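Accompanying notes for the structure given below.
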Amino acid sequence: MESAAETAEAEKEVAAEKEVAAAGGGVEDKYGEDRATEELPVTPWAFSVASGYTLLRDPHHNKGLAFTERERDAHYLRGLLPPGVVSQDLQVKKIMHNLRQYKVPLQRYVAMMDLQERNERLFYKLLIDNVEELLPVVYTPTVGEACQKYGSIFRRPQGLYVSLRDKGKVIDVLRNWPERNIQVIVVTDGERILGLGDLGCQGMGIPVGKLSLYTALGGVRPSACLPITIDVGTNNEQLLNDEFYIGLRQRRATGEEYHELMEEFMDAVKQIYGEKVLIQFEDFANHNAFDLLAKYSKSHLVFNDDIQGTASVVLAGLLSSLKVVGGTLAEHTYLFLGAGEAGTGIAELIALEISKQTNAPIEECRKKVFLVDSKGLIVSSRKNSLQPFKTSWAHEREPVTTLLDAIKSIRPTVLIGTSGVGRAFTKEVIEAMASFNERPVIFSLSNPTSHSECTAEEAYKWTQRVVQCLPAEVRLTLWSMMERFVCLARQTMLIFSLDLALVL
């Protein structure tokens with residue numbers, strides 16, 4: 001039989017083990033940093049990076065050759081690195097040189113993602129110092145191709161995957177993420193990735209890319225960002241038959257099954273990360289995007305980039321364009337090609353701003369805005385067949401089926417493309433806008449770039465608003481500048497003044 005002393009000693013050991021486990025796997029919590037989450041079990045493989053070989057393979061703390069002699073001694077790195085000490089600035093110079101050798105944009109994307117996975121600090125310094133050149137690499141347009149080929153280029157997970165197989169235990173999936181102080185979650189279900197359609201689980205490239213912009217452009221700590229993909233299947237036959245596809249091989253779940261998983265996910269997020277965490281819905285299909293935003297805006301801090309973020313950017317561009325074309329928002333007439341999340345979101349924000357400026361009812365302000373979808377101009381005679389989010393834009397007008405006819409009928413001063421249909425702003429469309437506008441305002445916003453309605457060069461050429469006496473190299477430089485502006489505007493989705501708005 002055990003003596004009382006042996007029993008007491010055993011109880012002490014058990015208590016000590018519990019204390020160590022609660023502190024995060026073997027490190028005493030001297031500063032109380034784990035108090036807010038001590039009720040949550042810590043995964044058995046979680047540990048604190050201290051030094052040595054493990055430190056060099058932790059992307060959050062690794063500095064590579066930038067570790068100084070003193071740091072190498074302090075962190076037991078002596079011998080694990082070549083003797084040379086290379087500054088971050090010199091490393092950035094070397095990597096930019098290497099990136100520029102790649103001729104294929106997807107190769108640059110893969111190289112950037114590899115860097116992010118091994119040296120996070122260097123990745124963000126590289127991105128911040130070369131933001132204009134590298135934004136098209138880490139986000140649109142290259143991220144579109146990356147999502148299409150995500151199964152082939154997948155190396156290691158960069159976010160969380162919540163699938164139908166996790167139903168009933170979503171909270172356990174969230175607990176597997178090593179960070180607890182999450183401020184921003186970007187989540188997608190992959191059903192409407194950019195203008196590319198249903199990419200299922202491979203849509204993860206979008207939350208990963210968008211959150212890299214939160215850090216590089218918004219200053220949010222990388223550890224406070226969490227990309228998530230909700231995998232409920234895909235209706236993309238090509239992916240279902242692709243041997244490299246990384247998601248569920250089944251048709252996309254809908255209805256009650258879909259909404260039950262989303263509700264469990266939203267409840268789990270609030271339980272794990274609290275009420276202040278921002279949940280950004282990204283690239284959900286129209287039939288889910290509006291419903292999710294309406295449902296959870298009452299209980300969670302939610303934001304839909306496609307409905308609200310794009311609208312903020314475009315309104316900023318419109319306000320800047322007024323400095324050139326003159327007048328107020330209320331004095332212009334707006335025509336959209338595309339009546340999805342982006343189109344209706346922008347239209348609603350324009351109407352709200354007009355209402356704010358004029359004190360007119362929102363219903364009256366909406367009459368300045370017209371939308372064209374795949375079936376033609378949205379008018380009152382189509383009201384019974386329209387999706388709910390389009391009905392506000394069904395005005396009393398004669399129906400027309402083409403964009404060109406709509407332009408001739410409405411005579412808009414502002415033309416905005418959110419259709420995802422490449423080159424939909426044809427020469428005839430642009431010339432029609434220029435025929436009754438001294439300076440038409442044209443925003444071609446669909447992405448990736450291959451799906452944009454027109455290029456800046458085409459818009460200038462067809463409206464003949466570029467002074468022809470300018471040397472050819474000057475005109476090409478101007479076109480190139482405008483192309484870069486449009487590309488950056490589509491990518492950042494930040495609220496800022498677009499002083500270089502495309503005003504012709």
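Glycine is treated like the rest: Cβ placed from N, Cα and C.
Any TrEMBL annotation is an automated prediction that lacks curation.
Here TrEMBL flags 1-35 as region 'Disordered'. What TrEMBL records for 116-297 is domain 'Malic enzyme N-terminal'. For Arg192, Asn447, the entry in TrEMBL reads (S)-malate binding site. Taken from TrEMBL, the feature active site, proton acceptor covers Lys210. Annotation source TrEMBL lists domain 'Malic enzyme NAD-binding' at 307-479.
The structure, with features from TrEMBL marked on it.
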| residue | record | Cβ neighbours (10 Å) |
| --- | --- | --- |
| Arg192 | (S)-malate binding site | 24 |
| Lys210 | active site, proton acceptor | 25 |
| Asn447 | (S)-malate binding site | 24 |
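For the pair formed by the residue listed as 'active site, proton acceptor' and Asn447 ((S)-malate binding site), distance between Cα atoms is given as 14 Å, rounded to the nearest Å.
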